[in-house]
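Here is the structure we will look at.
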Amino acid sequence: MTDVTIKTLAAERQTSVERLVQQFADAGIRKSADDSVSAKEKQTLIDHLNQKNSGPDKLTLQRKTRSTLNIPGTGGKSKSVQIEVRKKRTFVKRDPQEAERLAAEEQAQREAEEQARREAEESAKREAQQKAEREAAEQAKREAAEQAKREAAEKDKVSNQQDDMTKNAQAEKARREQEAAELKRKAEEEARRKLEEEARRVAEEARRMAEENKWTDNAEPTEDSSDYHVTTSQHARQAEDESDREVEGGRGRGRNAKAARPKKGNKHAESKADREEARAAVRGGKGGKRKGSSLQQGFQKPAQAVNRDVVIGETITVGELANKMAVKGSQVIKAMMKLGAMATINQVIDQETAQLVAEEMGHKVILRRENELEEAVMSDRDTGAAAEPRAPVVTIMGHVDHGKTSLLDYIRSTKVASGEAGGITQHIGAYHVETENGMITFLDTPGHAAFTSMRARGAQATDIVVLVVAADDGVMPQTIEAIQHAKAAQVPVVVAVNKIDKPEADPDRVKNELSQYGILPEEWGGESQFVHVSAKAGTGIDELLDAILLQAEVLELKAVRKGMASGAVIESFLDKGRGPVATVLVREGTLHKGDIVLCGFEYGRVRAMRNELGQEVLEAGPSIPVEILGLSGVPAAGDEVTVVRDEKKAREVALYRQGKFREVKLARQQKSKLENMFANMTEGEVHEVNIVLKADVQGSVEAISDSLLKLSTDEVKVKIIGSGVGGITETDATLAAASNAILVGFNVRADASARKVIEAESLDLRYYSVIYNLIDEVKAAMSGMLSPELKQQIIGLAEVRDVFKSPKFGAIAGCMVTEGVVKRHNPIRVLRDNVVIYEGELESLRRFKDDVNEVRNGMECGIGVKNYNDVRTGDVIEVFEIIEIQRTIA
C-alpha cells in the first residue's frame, strides 16, 4: 500500500486536517498537513482510536405493562382508563481491570477508615485520662485550700480539743482521698464507656460498608449475566433491586409470599407497629436512611374509667347522651334496660331519665335550664310599683239550663241567650258591668258536660264564683263539678238560687243538697252567701250585686294599673277578615294598642282592641276583657298574655316554646308506645272513626275533641285527624279525602274551593250548631261499626219417646213436640238429665213418612240428628236459632 498525505487521508475520513493531526499527536506521532502517512502509522492510529472509544459491554431491556383503572364518575357511573407503564433498564459489564481498580480503591478507603478509628480511640483515651487527672488535681487543690481555712480557724480553740480535731482532720482527709479516688474511677469508667460506644459505632459502620462491598463483589459472579447494574453506587443499587422486587412481586405472590405472611391466629405474631417499622427499615427512607420508628400515633386504653361532667338539657336523645359520656350507644341502652326502661338510640328521653342513667354510669350531671331566654324576657318588664283597688272578676257557673246566661242578660239588660244556638252557652263570654257601687267583670261559662276545661279555666281566672242553682231542679252533675273547680281554685262561692218565682221552687232543698258538698249558708254558720233571684222577673238582682261587691271588699282586690300588662286568654278564634282574634282578660298593668305581646306559642303586635260591645278602644286596665288582633296565630285558651319590649326576642321565645312542646310531646308518645307495646300486640282489630273538626272558637274545638275522644271504646276508636279554628278550607277537605274522614263544621261553613273538593271526592260533610246533636250522630256512626251481638233463642223442645234405625240416617228419634216449634236445619242440643251431651244440627224431620220443614207443639215427628247416633229414650232435643242484636254506644 502506497503512502498518502495527511490531507488525502483527512478527505477520505471526511474529517478536518487539524483534527486528524491532533489524533496522530494523541497516538504519539507528530505530523504536519503535508507529511505522508505510512501503513504502519495508519494501523497505530486505528488501534489508538479503538482503545479510546471502547467501553464496557452494555445490555438494554425494555418492558411495557398494561392495566385498567376504574375511576368513579358523576351519577354513580365508573370510567375505565387504560394505563401503560414503560420501563427501560441498561446493564453494563465492567472490565476486570476496572473491577480490580475499584476493589483497590475500596480497600484503601477501608484502611483509611480503620486508621481514623484507631486514631479516634487513642485520642479519646488520652483526653479522658487527661481530664480525670485534671479533675483529681483540682479536687486535691480545693480540699487543701478548704483544709487550710479550717486549720486557721481552729488554731484559736482550746488546746485540749486539738487532739480531737487532728484525728477528725485525718479522718476527713482519708475520706476526701477516698472520694477523689472514687471520682477518678468513675471518670475512667465514663471514658471507657464512651470509647466502647465509639468503637461499636465505628465497627457497625465498617460492618455495614463491608456488607455493601460484599454485595457488590458477589453480584457479578453469582448473578445471571443479564442482571447488570447501571451504577456502582450502593444506594442506587438498593433502590433498583427494590423496584425489581415490586415489579416481580405481583407474579411471585404465590407459595413463598403466603408462607412468609404471618397467620391471623398466631398469638406470637408481631404487632402492626413492629411490622410497619420493619417494613420501613427494609425499604429505607429518602437517601437510604432508615426510619427509626413508625410515625403513626399510638393510643392506649385508659386504665380506669373517666368520670365526666355531663350537661343535660330538658330533653336529649340516647345517642347525644352517649356522646357526652364518651361511650357507645349500646352501653347506654344496656344501662337503661337495667333500670327497667326500653329505648332506642334515636329516642328522646326526659331530663330525669337521662340524669339517672348518667349517674348510674358514674358521671357527674349538670342540669341545664333551657328557658333562660324566656326568663330574661319576662324579667325585663316595667311592671310599676303602686297597687290600686281593682274590679272583681266574677265567673257564673252552674248546670246547663239553670239560667246563668239569662241572669247575666238581665244584669247587662241585653238579649244574649237568644243568640246562643239551642239556648245554651257554648263558649266563654266576658263582660264588664258598671254599677252604682263599682264595676264588676263577669265571665259566663258553659254548663254542658263537654265544656269541663272551659269551666276550669273560668275558675282559675276569677276572684269570685257565682254558683247558679235552679230552685226547682236542685243540685245537678255540672253543679257538683263547678263546686270542685271553685274549691280547686280556692275562690269564694256566692250561691244564686234562680227561678225562685216558680211554684215548684224549693230553696231549702237546694241548701240541704249543697251542704253535702261543703257549701254552707251564712245563717247555718258557713261562709257562703245565698241570694234568691229570678232572672225572668228581675227579683234579687241588686242583692246579688251587693253580695258580690261585699265579697270583693273582704278580699281587698288590688292590682298595678301602670306598667306593662299581663293577663290570660279567655277565648280565641280565627276570623276570616281579621285573622286570629283572642279575648284577653287583663290582670295587671294597662294594655295599649301597639304593644308587643307574647301569648303561649304565639306573638305579635296589638293592631286593634275591641270591647265586648265591638267598640274600638285604645287601652284596657286591670279586670277589663278585650279582643285583640295582630297575633301570629290562634293561641290556646288559658295561655298567659305578657307584654314584652322586643318583638325579635318574643318571636324567639315563642319558637322555643313550640319546639319544646313538640319534643316533650314526642318523648311522652314514645314512652307510652314502649310501655303499651305488649298491650298493643294483644289487642285485636279495632275500627276507627276519623274526624276532621273545625269550629268557630278555640274553646269549642277543645271541648268537642275531648267529648269525642271519650266516646272511644275497645272496639271503635275516635281519631281526630285534624282540628282548628275557622271555616273549612280546601286543605281540610283534601286531608279528609286522604284519611277517609268525616268533615264536621261547628258554627262554620266550607268555602267554595273546599266544596268543589267535597263534591268531587263525595265526602261526608256535616254542619252542627248544638253540641248535643254532634255527639249523638258520632255515637250513631260508631254504633254502626260495632259487630252485632249474637243471641241464642230457644224456639222448641221435643221429648224422645222411641228410637228407630234407618239405613240412610242411622238412629231416628221418635219425638213429641212439647213446647214451641221444631224447624228443619236449625241447630239443636241433646239434653240427658238436663245436661247437654251433644250440640249439632237437625238433619231430617219427618211426620208420617213425609219430609216437613216444621212441626208444632203437641205433634209427633221423627228427628234425625246429623253425625250423632247415641239418641236414647227420655232425651230432650232443644231446638234454637241464633239472632243478631245490633249494639249501640252508651
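Backbone N, Cα and C define each Cβ position, glycine as well.
Since we're looking at a predicted model, the values are computed, not measured.
What Swiss-Prot lists as region 'Disordered' is 45-303.
The compositional bias 'Polar residues' annotation in Swiss-Prot covers 67-81. Secondary structure counts, DSSP: the compositional bias 'Polar residues' (67-81) has 3 helix, 10 strand, 2 coil.
According to Swiss-Prot, the compositional bias 'Basic residues' annotation covers 252-266.
Residues or ranges marked as domain 'tr-type G' by Swiss-Prot: 389-558.
Residue counts for the region 'G1' (398-405) under DSSP, split into helix (H, G, I), strand (E, B) and coil, are 2 helix, 1 strand, 5 coil. According to Swiss-Prot, the feature region 'G1' maps to 398-405, an assignment based on similarity to another entry.
Cβ-based neighbour count (10 Å, all protein chains) for K404 (GTP binding site) stands at 30. Residues annotated as GTP binding site in Swiss-Prot, with sequence analysis given as evidence: 398-405, 444-448, 498-501.
If you average pLDDT over the region 'G2' (423-427) in this model, you get 42. Sequence annotations record features per position, and here Swiss-Prot assigns region 'G2' to 423-427.
According to Swiss-Prot, the region 'G3' annotation covers 444-447, on the basis of similarity to another entry.
Secondary structure by DSSP for the region 'G4' (498-501): 0 helix, 1 strand, 3 coil. The region 'G4' feature in Swiss-Prot is assigned to 498-501.
Applying an 8 A CB threshold to same-chain residues 6 or more apart, the list for K808 (N6-acetyllysine) is empty. Positions annotated as N6-acetyllysine by Swiss-Prot, on the basis of similarity to another entry: K808.
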Can you check which residue among the binding-site residues G398, D401, I500 has the largest number of Cβ atoms within 10 Å of its own? G398
